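Q: In case it's useful when we look at the structure, here is the feature table from Swiss-Prot:
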ACT_SITE  Arg182  active site
ACT_SITE  Ser233  active site, proton donor
ACT_SITE  Glu310  active site
COMPBIAS  212-229  compositional bias 'Basic and acidic residues'
DOMAIN    38-204  domain 'FAD-binding PCMH-type'
REGION    212-232  region 'Disordered'
Amino acid sequence: MSPVLSESQLRDFKHTLESSKIPFRSEVRLGILSSFKIGGVCPVIVEPEISSQVSEILHIFSKFDIPWKILGGGSNLLISDHPDNFVTLRLSGKFKEFVSLGDGKFKIGAATNTTPTFRQISQLGYTGAEFLSTIPGWTGGAVIQNAGCYGGELFDLIESVEFLRNGEVFVRKPSEIKYGYRFTEFLNQKDSIILGIEILLKEGNLEEIESSLKDKRDRRNSSQPENKKSAGSVFKNPKVFREDGKEIKAWELLDQAGLRGQIKGGAQISPEHCNFIVNLGTATASDVHYLIDLVVDRVYQTSGILLNREIEFFGDIP
């Protein structure tokens, strides 16, 4: 575990941010920025509004030897109870915007909220992105994980990805990026920051689009714990198939292992949908981590299948 940032280190760092007119906030409880509502207080959260500020912040991080992590919509994260040994970077300003470029092409900022953004784009009469209106979080995070559901993936629609790496802005086509099921090369490149994407959609029938939006919304609502704080599906489907060719789902393995409803502290494996862990109101990151380890061990013992996490850890979680 890394040491807590010193007061003098933070003081000089914040003074430089002020001089550079880069927006930031101090002593922010990160749990309020996550769908899990779990996470402790971070000493500083920096909120750049334009690309040049992002580049400048990375230079400042290096100058003061400040460890940092980037936080998006917080929908697929388990945040540490003690995120006090790093600074959080969270895009704002122009990164929260999307614009039509005409002929079905849209430029979408990394800090746009996926659900309303792709619903609005679909309601303009363009089809192909309806499934993304059911995925919570921000577009940047959706890019990193190649988010998808109902047979669609974000990279099916992407024309280009704009990202910053080592202080330089790049624009890459999907053919120039490694990606797959719930994976892109950005997952393993912590020095890369997604800035935005361009997508291309086809014109469609608005009545059919509205019907598709409603169908996917209803399916999503029926497959998740209702009105519960969670980070979405905890485990990836293992890509293992039965003799009849049907895919074995992660939730089935949890259910067969007798894990439905298991509780640790304020966290519970959902009785309704057991590939979800829910915050009953007082859950800590350690509570959730305990249940994750329990699932991995028990499922392996009962099925011989090793499950991989879909949610990401943010900070040190014992």
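Cβ from N, Cα, C; glycine included.
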Q: Helix, strand or coil for Arg182 (active site)? Use DSSP.
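A: In the DSSP reduction, Arg182 (active site) maps to coil.
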Q: Mean pLDDT across the domain 'FAD-binding PCMH-type' (38-204), rounded to an integer, is what?
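A: Taking every residue of the domain 'FAD-binding PCMH-type' (38-204) together, the mean pLDDT is 94.
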Q: Relative to the Cβ of the residue listed as 'active site, proton donor', which residues of the same chain, six or more apart in sequence, are found under 8 Å away?
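A: Looking at Cβ-Cβ distances below 8 Å from the residue listed as 'active site, proton donor', excluding near sequence neighbours, one finds Ala250, Asn275, Phe276, Glu310, Ile311.
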Q: What is the total of other Cβ atoms whose distance to the Cβ of Arg182 (active site) is within 10 Å?
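A: Other Cβ atoms found within 10 Å: 18.
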